Amino acid sequence: MVRTRELRRGFGDRTVLRGIDLDIARGEFVALLGRSGSGKSTLLRALAELDDAGTGSGELRVPSERAVVFQDSRLLPWARVLDNVILGLSGADAAARGRAALAEVGLAGRERAWPRELSGGEQQRVALARSLVREPELLLADEPFGALDALTRIRMHALLQDLCARHKPAVLLVTHDVDEAVLLADRVLVLQDGRLATDLRIELPRPRRHSAPEFIHARELLLAALGVDLAAPEEEKQAS
């Protein structure tokens, strides 16, 4: 599904990705952690083929059917919700597919709404609908819940898990939140200085509980891999 070997990317004289070997199977949910500047978004953009491949080298195989969700929903403000979802879709059933996707994310009846009439969480639901209506084989998500409040994040986590279980795309989620990574992912990667330093499989049943000893253990392993002092205050224990 996704395969990279010795993938390298850089900007000018600066090398950002230093030989990434990565495999993601269909239906597998992978989370990517790393400190700011470690190359997380660069790797995601490479997998989305949104970057200039001329700035790098290595093997890159990704499916042609892929979708990207960003922290900013990137909805067109002058287009209604349904029109945002089906933008670029062809076929007589495009509108019906768009309505079905909106129903999947809990926004049935909001097809005629303008983006400005939606909350931040609702806008991200539209962004998910826009991605999944295309039935992507690969879903790339770059901190999609970073700007949402805590309660909305919890709801969006549950929604994303449900949608991925139904549609079974390969998923790469870029996040700064270690708990989010352990909660959602089958595997968690840590990117450090442009290299994959950690690849941790999360062997926990779903739904996962933050209080479970196995959850806490995985969290501590990842925080240590990120170089976080486990004795530090709670607010410092994130992939800054």
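Keep in mind that glycine also has a Cβ here, set from the backbone N, Cα and C atoms.
For reference, Swiss-Prot has these:
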type    : residues                               : note
BINDING : G34, R35, S36, G37, S38, G39, K40, S41 : ATP binding site
DOMAIN  : 2-218                                  : domain 'ABC transporter'
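Taken residue by residue with DSSP, K40 (ATP binding site) is part of a helix. Averaged across the domain 'ABC transporter' (2-218), the predicted model reaches a pLDDT of 94. Here the binding-site residues are G34, G37, G39; the one with the fewest Cβ atoms within 10 Å of its Cβ is G37. Of all the binding-site residues given, namely R35, K40, the one with the smallest number of surrounding CB atoms inside 10 A is R35. Ranking the binding-site residues S36, S38, S41 by how many other Cβ atoms lie within 10 angstroms of each Cβ puts S36 at the bottom. Listed in sequence order, the residues T42, L191 complete the 8 Å Cβ shell around the ATP site centroid, once G34, R35, S36, G37, S38, G39, K40, S41 themselves are left out.
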